[in-house]
Amino acid sequence: MASEILVNIKEEVTCPICLDLLTEPLSLDCGHSFCQACITADHKESTLHQGERSCPLCRVGYQSENLRPNRHLANIAERLREVMLSPEEGQKVDRCARHGEKLLLFCQQHGNVICWLCERSQEHRGHSTFLVEEVAQKYREKLQVALEMMREKQQDAEKLEADVREEQASWKIQIKNDKTNILAEFKQLRDILDCEESNELQNLEKEEENLLKILAQSENDMVLQTQSMRVLIADLEHRLQGSVMELLQGVEGIIKRTTNVTLQKPKTFLNEKRRVFRAPNLKGMLQVFKELKEVQCYWAHVTLVPSHPSCAVISEDQRQVRYQKQRHRPSVKAKYFYGVLGSPSFTSGKHYWEVDVSNKSAWILGVCVSLKCTANVPGIENYQPKNGYWVIGLQNADNYSAFQDAVPGTEDYQPKNGCWRNTGLRNADNYSAFQDVFQPKNDYWVTGLWNADNYNAFQDAGKYSDFQDGSCSTPFAPLIVPLFMTIRPKRVGVFLDYEACTVSFFNVTSNGCLIYKFSNCHFSCPVFPYFSPMTCKLPMTLCSPSS
């Protein structure tokens with residue numbers, strides 16, 4: 001009953017043109033009402049074709065100025081629209097929300113289901129409509145395809161989401177590691193500065209101790225000198241105030257004593273001759289530290305392998321070597337079999353390793369080519385680049401040296417009668433002449449450039465006995481280049497750059513300062529790490545990166 005009443009009321013407030021509930025209804029003189037938009041559109045169309053205005057239902061003419069809004073119908077239509085749009089009355093059943101009719105048709109243009117009244121309305125006029133049963137299967141298939149496509153896209157989206165999360169986690173880990181590295185690097189830098197500060201303070205304390213000790217001794221000497229003068233002055237005053245006999249008794253001796261008195265000046269130190277403290281070159285220190293970090297990226301896992309009968313004993317883990325005295329008396333050559341080779345050998349690339357030489361008083365380390373290539377036993381006379389050895393060493397706990405090639409054929413360029421200049425000029429094309437002349441033992445402390453690329457320091461020609469006990473001498477001993485160490489190295493880093501033909505040594509204890517570098521090396525065979533503990537019984541130990 002209520003449904004029939006709603007249908008009847010709906011018919012009263014339905015626009016005859018659009019068949020929809022009235023929107024802003026206008027009433028004509030004949031009493032019929034239409035939507036404002038519908039009657040306006042009909043008025044324009046009728047004026048264009050017929051030239052007069054008439055009601056679309058009864059064709060009774062009307063004047064546009066007589067159109068009046070119908071508030072009553074507008075309110076009824078609005079209330080009815082609210083009732084029809086409620087879920088209980090409209091969408092609960094398959095009925096049109098506007099007309100209350102069953103939704104049996106599908107409008108292809110709008111893509112919506114409509115009722116038969118909607119099909120006849122102006123909104124759907126001329127559109128292609130089908131029964132819902134006819135198009136349901138077609139659109140079900142389309143929706144199934146769309147569903148599968150969306151599921152694939154969903155999987156892709158989930159994968160992208162997972163990738164983003166994985167990348168986010170990776171970045172977090174990377175940034176965390178970078179943060180850890182930054183903290184570690186700057187801690188090392190602070191440790192370097194703390195170490196430099198400690199060294200400077202220790203040097204200053206040693207200087208203070210030495211200065212005060214010397215000045216205290218000078219003070220004691222001055223006190224004794226003053227006391228001696230006071231005694232002599234008292235003797236003179238006593239003689240002058242005493243009798244003639246006291247005056248003349250031994251007068252020549254005391255006059256001679258006063259004449260021989262020499263005022264001893266105290267030992268002092270001029271302030272301008274003191275070593276003036278200067279803050280360390282932080283930029284240079286950072287550069288040195290950076291270079292060490294760069295070469296440490298090429299860390300090689302090196303183990304020790306005896307290459308010949310040797311006095312050197314290797315540990316079970318093949319990471320440590322030490323000297324062991326042989327019971328039998330070795331031959332002249334065999335006594336120098338202290339060295340061992342490292343494994344693996346290198347024929348290309350960059351490689352770095354570190355050796356702990358703490359507290360040792362003697363050692364030799366570096367690289368050498370295969371003994372099969374050189375046919376040389378590792379004696380001191382063969383520690384030369386031309387023989388396939390690029391090494392540095394320590395002797396007598398304090399003498400650090402690098403072993404360079406001996407300079408043969410310089411006997412013809414020995415200076416005669418002190419004519420250094422003339423000899424050098426006559427033989428300017430022969431660099432060996434300058435090497436023989438410009439040596440510290442000849443009062444020359446110089447550096448030089450040769451062939452536009454080779455820079456050299458001129459040292460005294462080495463003698464075989466300089467680095468050993470002198471039991472065996474040879475004119476072909478290597479040129480031993482003294483190395484000055486401000487900080488005694490406990491760990492020495494060795495860096496081989498095969499393609500660049502260089503071997504570099506770093507003082508890891510001194511924050512990676514370069515000790516020595518061999519350039520223009522000729523590697524014609526595989527290159528092996530080389531270690532010699534010499535006759536010092538303390539071990540040499542290969543270090544691990546984590547240590």
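Heads up, the Cβ atoms here are built off N, Cα and C, so glycines get one too.
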Legend entry - Segment assigned the feature region 'Required for interaction with GABARAP and for autophagy' in Swiss-Prot (from 60-73, 186-199, 270-283): 186-199
Inset, instruction - From the ranges 91-132, 217-258, 427-468, grab the one Swiss-Prot calls zinc finger. - result: 91-132
Legend entry - zinc finger according to Swiss-Prot, located in which of 15-59, 375-419: 15-59
Inset, instruction - Within 10 Å of each Cβ, count the other Cβ atoms, then let me know which of the binding-site residues His99, His124 comes out lowest. - result: His124
Legend entry - Extra residues within 8 Å (Cβ to Cβ centroid of Cys96, His99, Cys118, His124), Zn(2+): Leu19, Asp20, Arg98, Glu101, Ile114, Cys115, Trp116, Leu117, Glu119, Ser121
Inset, instruction - Kindly report the helix/strand/coil residue split of the region 'Required for interaction with GABARAP and for autophagy' (186-199) according to DSSP, in that order. - result: 14 helix, 0 strand, 0 coil
Legend entry - Averaged pLDDT, computed only over the residues in the coiled coil (132-224): 89
